[in-house]
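A.B. asks: Annotated compositional bias 'Basic and acidic residues' per Swiss-Prot: 1-22, 39-51, in sequence order. What Swiss-Prot lists as compositional bias 'Pro residues' is 392-414, 508-528. The feature compositional bias 'Low complexity' is assigned by Swiss-Prot to 415-432. For LYS87, LYS179, LYS269, LYS329, LYS477, LYS610, the entry in Swiss-Prot reads SUMO2 cross-link, with the evidence type a large-scale study or a structure entry. Under the heading N-acetylmethionine, Swiss-Prot lists MET1. Per Swiss-Prot, the feature region 'Disordered' maps to 1-51, 78-109, 157-189, 235-271, 392-457, 500-540. Look at Swiss-Prot and you will find 112-134, 140-162, 192-214, 220-242, 275-297, 303-325, 331-353, 359-381, 451-473, 479-501, 543-565, 571-593 tagged as zinc finger, backed by sequence analysis.
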Amino acid sequence: MERAVEPWGPDLHRPEEREPQRGARTGLGSENVISQPNEFEHTPQEDDLGFKEEDLAPDHEVGNASLKPEGIQNWDDLWVQREGLGKPQPRDRGPRLLGEPRWGQASSDRAAVCGECGKSFRQMSDLVKHQRTHTGEKPYKCGVCGKGFGDSSARIKHQRTHSGEKPYRARPPAQGPPKIPRSRIPAGERPTICGECGKSFRQSSDLVKHQRTHTGEKPYKCGICGKGFGDSSARIKHQRTHRGEQPPRPVVPRRQPSRAATAATQGPKAQDKPYICTDCGKRFVLSCSLLSHQRSHLGPKPFGCDVCGKEFARGSDLVKHLRVHTGEKPYLCPECGKGFADSSARVKHLRTHSGERPHACPECDRTFSLSSTLLRHRLTHMEPQDFSFPGYPLPALIPSPPPPPLGTSPPLTPRSPSHSGEPFGLPGLEPEPGGPQAGEPPPPLAGDKPHKCPECGKGFRRSSDLVKHHRVHTGEKPYLCPECGKGFADSSARVKHLRTHRGERARPPPPSTLLRPHNPPGPVPMAPRPRVRAQPSGPSQPHVCGFCGKEFPRSSDLVKHRRTHTGEKPYKCAECGKGFGDSSARIKHQRGHLVLTPFGIGDGRARPLKQEAATGLE
């Protein structure tokens with residue numbers, strides 16, 4: 001029996017660490033044979049001990065529990081006991097069995113904990129990398145563009161974008177074992193859902209970041225100015241403003257949009273948004289945000305609203321749109337408590353409390369709190385040729401004659417002759433080569449109103465205005481009041497109506513806006529006539545009728561009252577053509593044209609009176 005143990009015993013240690021007499025001192029007899037537990041059964045291969053399982057003698061019984069030495073509770077503890085010492089030796093670098101942790105690896109009782117957020121790690125190196133997310137340290141710099149990274153592996157991945165290297169190739173199906181598919185979460189299932197707004201996320205970390213928009217928590221502080229941020233990436237972008245750094249430009253060349261399209265994007269923060277949309281000129285910080293935005297210009301829109309039928313390219317846009325119908329406003333202002341349906345609207349509102357004006361005009365150094373206000377202001381500095389379209393150069397504007405004196409009417413111009421059928425054109429408006437072909441309508445200019453109402457022929461510049469106007473003819477009111485159930489055709493009308501439930505009054509206009517003459521640039525042929533608004537009599541009823549002096553709390557009530565003086569009746573009945581000054585009066589009138597079918601006869605629907613004879617009802 002001892003002959004069978006001798007070939008295996010010396011192979012337990014490497015040649016330079018071989019101790020022939022060690023088995024006698026530790027109590028290992030000739031009958032004690034070391035064997036691996038059943039859970040470590042694997043294919044014969046060389047492991048950390050330096051031998052193979054197939055090298056064992058064929059007459060050994062592997063897995064006999066009776067052969068375990070005395071005092072050894074686990075087979076993994078065999079190699080750490082040295083000559084009566086019952087604990088591992090820290091400086092030992094000998095072989096280790098399977099399942100034994102490496103030296104220097106933190107165990108459960110020696111976990112490395114971050115002092116900022118309390119997150120724990122098994123190794124100190126992982127804690128050092130994690131702390132760079134709090135300090136913003138980026139010691140690894142790219143040699144091509146100079147971009148910094150907190151981890152060396154991130155820099156290696158980034159450098160492949162410059163070199164074009166693709167080291168990972170797909171393995172042919174014939175080589176290697178079959179690939180086992182991982183269990184992934186289906187695209188339609190998102191387990192993490194926000195309890196405030198109902199938005200779903202794929203990862204719990206994204207839900208934690210999103211919930212900070214509701215709670216206002218900002219754990220990441222700037223070390224220079226102390227400003228807080230809810231995301232570490234937002235703090236990194238903010239710190240570029242202190243260091244004067246600019247983000248790297250995209251490698252793919254992009255077509256520069258026109259000056260009119262990028263008028264509002266050339267402010268002081270334009271350098272932080274290198275990705276530009278070629279369709280509308282909007283800038284973005286991340287390329288993924290640009291790709292998500294371009295879906296709104298082209299591609300299908302699978303997300304449709306069940307209330308008004310409007311379609312969206314992203315589900316998040318549909319969630320925001322549904323708040324218009326439900327009146328939900330989950331984003332509250334911490335200063336005044338006002339609610340907003342969108343987080344960006346709350347950010348713009350907070351500027352009214354802080355007085356921040358981040359958008360500056362490069363022409364006159366005037367600052368604005370909104371980018372849309374800056375865009376309208378910059379149009380006053382631009383020349384007419386800046387509004388030309390590709391293929392349709394805009395000629396010099398013909399100076400208009402001075403207006404007639406007050407009290408006189410302008411002279412009537414004769415009618416133009418009938419159209420002969422030839423293409424109509426103006427000098428200087430011939431399309432350039434490469435422009436739109438013949439027969440295609442030119443794009444609408446700034447003063448055109450291409451969207452016409454088929455009922456009354458009124459024109460609008462935007463299609464959304466036409467949709468709102470068309471509700472006047474159809475009587476549709478998709479915006480319902482959650483308190484009393486009253487419907488409104490416009491969301492702003494519902495907002496004004498909600499003030500009556502809360503006991504609020506309409507705000508009077510500030511004194512600075514009552515008299516504001518318009519001074520256009522350039523020489524003025526005659527002094528403009530200022531428009532004088534009616535002075536409000538008090539803060540509770542600012543709207544006064546100019547005919548009889550009656551006061552109203554809302555401007556809509558004043559508009560309805562003026563129709564009693566002017567005789568205007570814009571709401572026409574589709575059956576008899578009778579006009580009404582109020583839409584509610586027309587609805588009451590139209591009920592007289594309908595007759596209800598008794599229960600059990602027909603389909604039970606309301607029909608016009610002209611169909612009464614056909615139904616056989618008296």
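Each Cβ is built from the backbone N, Cα and C atoms, and glycine gets one as well.
I'd like to know what surrounds each of these features in this structure.
C.D. replies: Following the DSSP three-state reduction, the secondary structure of LYS329 (SUMO2 cross-link) is coil. Counting only same-chain residues at least 6 apart in sequence, those with a Cβ under 8 Å from the Cβ of LYS329 (SUMO2 cross-link) are ARG323, GLY339, PHE340, ALA341.
A C-beta separation below 8 Å, combined with a sequence spacing of at least six in one chain, links LYS477 (SUMO2 cross-link) to ARG471, GLY487, PHE488, ALA489.
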A.B. asks: Can you tell me which recorded stretch out of 112-134, 220-242, 451-473, 479-501, 571-593 has the most Cβ pairs within less than 8 Å of the zinc finger (140-162)?
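C.D. replies: Going through each listed stretch, the top one turns out to be 112-134.
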A.B. asks: Per DSSP, to which secondary structure element type does LYS477 (SUMO2 cross-link) belong, with helix, strand and coil as the options?
C.D. replies: coil
A.B. asks: Taking the zinc finger (303-325) as the reference, which of 112-134, 192-214, 451-473, 571-593 gives the largest number of Cβ pairs under 8 angstroms?
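C.D. replies: Comparing 112-134, 192-214, 451-473, 571-593 against the zinc finger (303-325), the winner is 192-214.
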A.B. asks: Quick one: mean pLDDT on the zinc finger (140-162)?
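C.D. replies: Mean pLDDT for the zinc finger (140-162): 89.
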A.B. asks: Given a Cβ distance threshold of under 8 angstroms, which distant residues of the chain, six or more beyond its ends, lie next to the zinc finger (479-501)?
C.D. replies: 324-327, 468, 471-472, 554, 556
